[in-house]
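Worksheet: one structure, shown below.
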Amino acid sequence: MACFESNKGSLEEDSYEGAVGGELSSCALAMMEKERESLLSPSESPGTFISSSSNSFQAAPLQGYDVEFDPPLESKYECPICLMALRNAIQTRCGHRFCKSCIEKSIRDTGQRCPVDNEMLSEDQLFPDNFAKREILSLTVRCPNSGCTEKMELRHLESHLEQCQFATAPCSQCQQSVRKSHLEEHTTVECQRRPVSCPDCVTSFVYEERELHEQQCPFASVKCQYCEMDLIRDQMASHCDTDCPKAPITCNFSIFGCKERMQRHNLAQHMQEFTQMHMRYMAEFLRGLSLNGTTPKPLWPLGPSVSTEDQGAAAPVSACGGPRGPASCSSNCTQPSEEMQRLREMDGRLVKQDHQLRELIILKETQAGQLAELRRRVSMLEETVKELEAQQCHGIFIWRLRGFSAHLRNQEAGLPVVEHSPGFYTGRPGYKLCLRLHLQTPNAPRCSNYISLFVHTMQGAFDGQLTWPFQGTIRLAILDQGPEGLHHMEVMETKPDLQAFQKPTNQRNPKGFGYVTFMHLHQLSQRAFVKDDTLLIRCEVTPRFDSTVHREGPTVQPRGPEASLSRD
């Protein structure tokens, strides 16, 4: 040990050169050679002992080792400045040990004195204590990662941290500390700040804002609060203002004083039942205008109740005081009584006509009720026929979208174009599905001028006999109606964990599954995809049950306009 201590200064790893005179003994030379080999070992090199997994090493890489020793660290291996285990141990001529960076900083900042005994000390009087360094690296430490119970020598801590399954790293999205082994799953599945996109409008947002977006998405499927019809949120306002049969509205005569409110489909009945009341309201309104100094036009012109003869008779009466004198008045004195008789006759005719009108109204209401019942029965028969036709599809459905040019004009004008196909079954018994087509507007973010195509599950007649969620393969294609028959096709597998494939609780599941960018609109003009103003969309569905295998079908080429499909 004495021969080692007398020659320490010549073995400094960081190019310290101690001036030692005289020849070294063979013992000293041997010890120096072993220490040089030890210093060159990668596992003991202080320059490489900085773990990316340990926050304590990142915070202060040049101070002592901030780790938990087991057993606890002896005080002789503790730096008096940083109070941690010695890193690159340095010994002074007065016999005190320090971390290399700690003592150098102390000498530069506080003067050339030893921090322990205040003796004069300069940097050229420091020399490495390689023996203490080797002893410290041989001490047992605990892994700093929470949950890990491994122990190892200090020199092996770095390699352990690189492989430790409890090592953590901050999530780049939410900055939460996550185990490295779970980091990928966290960033893609669990992180509340992970980026997601809306399946309806393709807008991107962070996951924690999904509820806010669902409440504001203009293309989200919503139900009318009055008639429960499925609509897109952008269409809701115009639907309630003009179309909804159950939306509450005011009477057309509200400006004249009628305060009744009713559902839109009851307005005609209200107008018919309260015609006389509306006339009184209007007469009072016009009378009020007249009293205020404004002379309104007559409610009706002189009609059958006052003939042209009556008008001629009124002139002589008004002229009694005229130049013709009393003789002319006496000649016309019998006219008022004739007028009264004529008025009574007219009043009788009006009463009779009023009774006839009421009978006609009752007959009309009866016929309207019978007509409504007939229409209801016809509608039920049509629905039954459609349901039977849908059950005959056997999983292959061709949707003929007629009047496609009108949809393209609306799309070019920036209006939302959304169409739903009739329902169809995958078999008998089978699942009931339908298609939904969007024509994305020119200003839609990231999907402008694309055709979006989705599949929705619907409530069907065989839902109770089937297994849920729906599983299988779905082939979607826009058919080329030209002689080449180069159809644009996509193939997708269902995902049972999505809401789109669960058993629907409404007539049509509001959640769909498909492609936002199924096909660009400019591709329609490259082939005969539109013929006779009709677009043909083909959907082939192969359900998959636990006890069955996939139904064999035509070989499908990869995605792209070159993919072909045998024409039906």
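Cβ coordinates come from backbone N, Cα and C, glycine included.
Range annotated as zinc finger by TrEMBL, chosen from 48-102, 213-267, 378-432: 213-267.
Of the given residue ranges 140-167, 336-363, 364-391, 504-531, TrEMBL assigns the label coiled coil to 364-391. For the domain 'MATH' (394-541), the model gives a mean pLDDT of 92. Of the two recorded stretches, the domain 'MATH' (394-541) lies close to the domain 'TRAF-type' (159-211), with three or more CB pairs under 8 Å once pairs fewer than 6 apart in sequence are set aside.
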